[in-house]
Amino acid sequence: MLVAGVITEYNPLHNGHLYQLDQIRRTLSPDILIAVMSGDFMQRGEPSIVSKWDRTQMALCAGVDLVLELPYIFAVGRADIFARGAVSVLNQIGATHLVFGSEAGRMEPFMETIQLIEQNRDSYRTELMNALKQGISYPNAHAAAYRRLAERSPSTSLVDLTQPNNSLGYQYISAIRHCGSRMVPVTIRRKEAGHSDPDFSEGGRIASATSIRTHLLNEKSWDTTADKIPPFTYSILKSNSAQNTLVDWETFFPFLKYRLISSTSEQLAEIYEAEEGIENRLLSCIGGSDHFRDFISAVKTKRYTWSRLQRLCVHILTHTRKIEAKDQAASGEAAYLRLLGMNLKGQHYLNMKRKELQIPLISKIRQHRLPVLDLDLKVAGVYDFLSGRSPSHRTESSHPPVRYDENKGLFLNAEP
């Protein structure tokens, strides 16, 4: 059985994602297509524009058979942590292939790059540490160390790790090798807009999720957005807009500001990813900032990337402390599988695999009391409260997985 897995955020699901899913079906003809999806907050430290349940509906409408949640500590982690957590989920659920988009579009450059770094591990680490000592951010230090190795390599087929999707793809392959999985990595060339490309051209049909979010939240122009997202995504986003539940960091900033001004530097130092005294810089900049972007701009230095600062702000917002996060992040292994949604084919696959699973499969929170779940429940509660979701919505602990009949095109347990 060929089980294809994708690692995604679908924030929101757009035409570029549809293209990828279509290419997977054309090239692999998978028996099952599984998505491991971030929950309420994204890898770059941003709140999801709509809830994970809405984004699960998007995924099922797009032809995904099974949607599993990437636990918070991996979802809002730097690229290597994100990749290891997501790969561990796919490995546990039985994925045979991991498919990812990239600028390279071919596997050969990735495999040559992996081989180059593994054969020169000591040199790579030395170059990395030298770059970090110069105050360069980790992603840029990693790229610089790799560039030095590549300059000395006779190979002409190395992947460009300065490209964001190539870099993430490299992390996926590294994670597969690290956990000893037999998953086969497969890459598909990205079409048109890059992952975080801010450009929103009204002529094309593909735009990045970043540009779509920015356009909707700032321009409020739905007509020009409709061509770049499938009808079901449009409908879900439009419904959230009517309920005033489309969110971004500006929505959450007043509460972040409250968290900061009501905390001491000692308390902030306990927050996960608060390192090297950055908490003092946060406190010194928050008083004069009325908008999130202005705040991050004031805090940012060449050592701290925008994404790293946003992730730290998410951890402050959710009060995620080092004591409850570090061990799980370092393990690189998900402790459970959280089911967000499935169609009929996905349900059949789960019934077949359930007895083989080595970690708990959670479909009903109330039936499980795992300590590692507490953090995800807390994070979901913060997101739901700050996003203004109606009290009539189901709470995190009572929300069942989304069920979809792909033959009839109907959801079987829609929100009340």
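A Cβ is built for glycine as well, from the same backbone N, Cα and C atoms used for every other residue.
The ATP binding site feature in TrEMBL is assigned to 7-20, G101, N165, R190. According to TrEMBL, the compositional bias 'Basic and acidic residues' annotation covers 393-408. The region 'Disordered' feature in TrEMBL is assigned to 390-416.
Shown here: features listed in TrEMBL, placed on the structure.
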{"residue": "I7", "record": "ATP binding site", "Cβ within 10 Å": "25"}
{"residue": "Y10", "record": "ATP binding site", "Cβ within 10 Å": "25"}
{"residue": "L13", "record": "ATP binding site", "Cβ within 10 Å": "29"}
{"residue": "G16", "record": "ATP binding site", "Cβ within 10 Å": "23"}
{"residue": "Y19", "record": "ATP binding site", "Cβ within 10 Å": "17"}
{"residue": "N165", "record": "ATP binding site", "Cβ within 10 Å": "19"}
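In the three-state DSSP assignment, the secondary structure recorded for N165 (ATP binding site) is helix. A strand conformation is recorded for I7 (ATP binding site) in the three-state DSSP classification.
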